[in-house]
Amino acid sequence: MRVGIAGITGRLGRLCAEEVEAQGLVLAGGVARTPDPKNHITDNAAILAASCDVVIDVSRADIVAHHAEVFARSACPWVLGTTGLDDTAQSAVLEASRSIPVLQAANFAPGLNVLLDLVRQLGVILPENEYDAEIVETHHRQKVDAPSGTALAIGAALAEGRGVSLADVGRIDRQGRREDGVIGFASLRSGQVVGEHTLTLTSDTEQITISHRAFDRRVFAQGAVKAAKWLPGQEPGLYGMADVFSR
Ligand SMILES: NC(=O)C1=CN([C@@H]2O[C@H](COP(=O)(O)OP(=O)(O)OC[C@H]3O[C@@H](n4cnc5c(N)ncnc54)[C@H](OP(=O)(O)O)[C@@H]3O)[C@@H](O)[C@H]2O)C=CC1
Ligand SMILES: O=C(O)C1=N[C@H](C(=O)O)C[C@H](O)C1
């Protein structure tokens, strides 16, 4: 299987390239802003798509809508790990998933994806007017989006369990006293922290804390390659890591 990587020169893209080869797959090349033909790196996503069976995309949010069009036109299965998408980019992802298989995951780590299930259950069981939900994430100083995609996914899982929409109850910019049912977010940026997420649910009498800490970025690269092996051959549609880990 030939795997291409959009964002191949980045912190995660480089590790995905290593992992593709470590797992005996063929590294078809990658996309970055500066072409490097000797290393099969292009700035043209269509060229990459034409030469591979699946693309892992860990690039930048502002290029995702373009990638959606290109990979759909090229009929190239797309594993999308890039975070920080605006509504336009997210709509483009949905549109692409009508014609190609797309696997979108803010976090490729297995443990984090188990945590999302647990969070959903906590949302079902613990009443939102009794348990205040706060999500705190910490990442390295180079990270450009906030809150992290994973923090938003944790918030969405809790909201789903509570039977509400995160768009209605999520609060990033805070002012005034806390309302019942709010899911709050806080982002810290420090040094080279790989990625830490903590959800606290606090009532007047107890507190539950559930945390995930990635301390080696390779956990994401391994998950991304696992997804890339699984995706080709699937029907067009939008998939998540739960589909990969459950089969
Ligand atoms: N799903 C998951 O498990 C994880 C997701 N991520 C997400 O992956 C993304 C990348 O993270 P990280 O590797 O740290 O970021 P980096 O900034 O280190 O890498 C970004 C990559 O994207 C490329 N790129 C940037 N802009 C463009 C553009 N306009 N056209 C083509 N290529 C472009 C860069 O190329 P160049 O070198 O030429 O600038 C580089 O290869 C982020 O959105 C991050 O949140 C990160 C970790 C885990
Ligand atoms: O940018 C990162 O580094 C990470 N981004 C993802 C996110 O936004 O959730 C996943 C992980 O936390 C690392």
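From the backbone N, Cα and C atoms, a Cβ is placed for every residue, glycine too.
Automated prediction, rather than curation, is the source of TrEMBL annotations.
The NAD(+) binding site annotation in TrEMBL covers Gly7, Ile8, Thr9, Gly10, Arg11, Leu12, Gly81, Thr82, Thr83, Ala105, Ala106, Asn107, Phe108. What TrEMBL records for His139 is active site, proton donor/acceptor. The feature (S)-2,3,4,5-tetrahydrodipicolinate binding site is assigned by TrEMBL to His140, Gly149, Thr150. The annotation active site, proton donor is assigned in TrEMBL to Lys143.
Projection of TrEMBL feature records onto the structure.
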{"residue": "Gly7", "record": "NAD(+) binding site", "contacts (Cβ under 8 Å, 6+ apart)": "Gly13, Gly30, Val31, Ala32, Asp57, Val58, Ser59, Arg60, Thr82"}
{"residue": "Arg11", "record": "NAD(+) binding site", "contacts (Cβ under 8 Å, 6+ apart)": "Gln142, Arg217"}
{"residue": "Gly81", "record": "NAD(+) binding site", "contacts (Cβ under 8 Å, 6+ apart)": "Leu12, Ile56, Asp57, Val58, Gln104, Ala105, Ala106, Phe108, Phe220, Ala224"}
{"residue": "Thr83", "record": "NAD(+) binding site", "contacts (Cβ under 8 Å, 6+ apart)": "Ala61, Ala106, Asp145, Ser148, Gly149, Thr150"}
{"residue": "His139", "record": "active site, proton donor/acceptor", "contacts (Cβ under 8 Å, 6+ apart)": "Ser148, Ser187, Leu188, Arg189, Ser190, Val193, Val194, Gly195, Glu196"}
{"residue": "Lys143", "record": "active site, proton donor", "contacts (Cβ under 8 Å, 6+ apart)": "Arg189"}
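Arg11, Gly81 are the recorded positions among Arg11, Gly81, His139 whose C-beta comes within less than 6 Å of an atom of ligand 1, given in sequence order. In three-state terms derived from DSSP, Thr83 (NAD(+) binding site) belongs to neither a helical nor a strand segment and is classed as coil. Between the alpha carbons (Cα) of Thr9 (NAD(+) binding site) and His140 ((S)-2,3,4,5-tetrahydrodipicolinate binding site) lies a span of roughly 17 Å. The Cβ centroid of His140, Gly149, Thr150 marks the (S)-2,3,4,5-tetrahydrodipicolinate site; residues of that chain outside this set whose Cβ lies within 8 Å of it are Thr83, Ala106, Asn107, Glu137, His139, Lys143, Asp145, Ser148, Ala151, Gly195, His197, given in sequence order.
Counting only residues at least six positions away in the same chain, the Cβ atoms of Arg189, Ser190, Gly191, Gln192, Val193, Val194 sit under 8 Å from the Cβ of His140 ((S)-2,3,4,5-tetrahydrodipicolinate binding site).
Only Ala106, Lys143, in sequence order, out of the recorded positions Gly7, Arg11, Gly81, Ala106, Lys143 have a CB under 6 Å from ligand 2.
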